[in-house]
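Copied over from TrEMBL, here are the features:
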ACT_SITE  32  active site, nucleophile
ACT_SITE  34  active site, proton donor
BINDING   32, 34, 203  Mg(2+) binding site
BINDING   43, 123  substrate binding site
């Protein structure tokens, strides 16, 4: 007999002869970091640790579109020259506020962790993301984090590298999130992990690229009014139906939690 377990979000089970084996996660949930999990761009935030909380003009003028990672390498080298240390960066990352409703969403996911496999794909850096998530108390929710490698060298300078190289013309030179997501899904399929649905929570243009690969069973959660949302709207106008995933814009991440809660209710 099929029945629903008590409590929202618990999996429906078939009760029969023998012990039921633990079910693998049904859903893959992907998060961006900057201006999605946190309410700021962390690369901008760390400038608060610089002298005068500002960068000199000669550094700012070196920025080139599509090469932000290289630009941040120069920013971090300058900050190292100014004596900014690991503890200074850590303090900034730990105090960046979460986006509205994000604690609600993470609490929901904590209660229903057996149903979701959660990963993070971000063009920020590993050190900053780990500091922020540990301070917020949600680091353990994530099965895997994909971001640019970062460390502190023997001088104490914060160093940053590119994540990978790719051939996508729409993404920054150091990272294509579509490539990362595609490879992750292929790897999990080889491990005999198939997901019923994929959910993607993001805000930026580099989140639009992977969301285009989602199917009609999947859901894209673009932050309302941000580039990912604008690009999904533009695509729908120019090529109706080309963007296959259901689009659910959000202002508060609590809206994402409510949507996922309804998904779980319907499955029981």
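Cβ atoms are placed via backbone N, Cα and C, with glycine included.
Put simply, residue 34 (active site, proton donor) is 8 Å from residue 123 (substrate binding site) when counted between their Cα atoms. A straight line from the CA of the residue listed as 'active site, proton donor' to the CA of residue 203 (Mg(2+) binding site) spans 8 Å. The two recorded residues residue 203 (Mg(2+) binding site) and residue 43 (substrate binding site) have their Cα atoms spaced 15 Å from each other.
Sequence-ordered, the extra residues of this chain that approach the Mg(2+) site, with Cβ no more than 8 Å from the Cβ center of 32, 34, 203, are 33, 35, 36, 37, 122, 202, 204, 207, 223, 226. Taking CA atoms as the reference points, residue 32 (active site, nucleophile) and residue 43 (substrate binding site) are 14 Å apart. Long-range Cβ contacts of residue 43 (substrate binding site) within its own chain (separation 6+, distance under 8 Å): 34, 68, 72, 75, 124.
Just so you know, the Cβ of residue 123 (substrate binding site) picks up 26 other Cβ atoms within 10 Å once every protein chain is counted.
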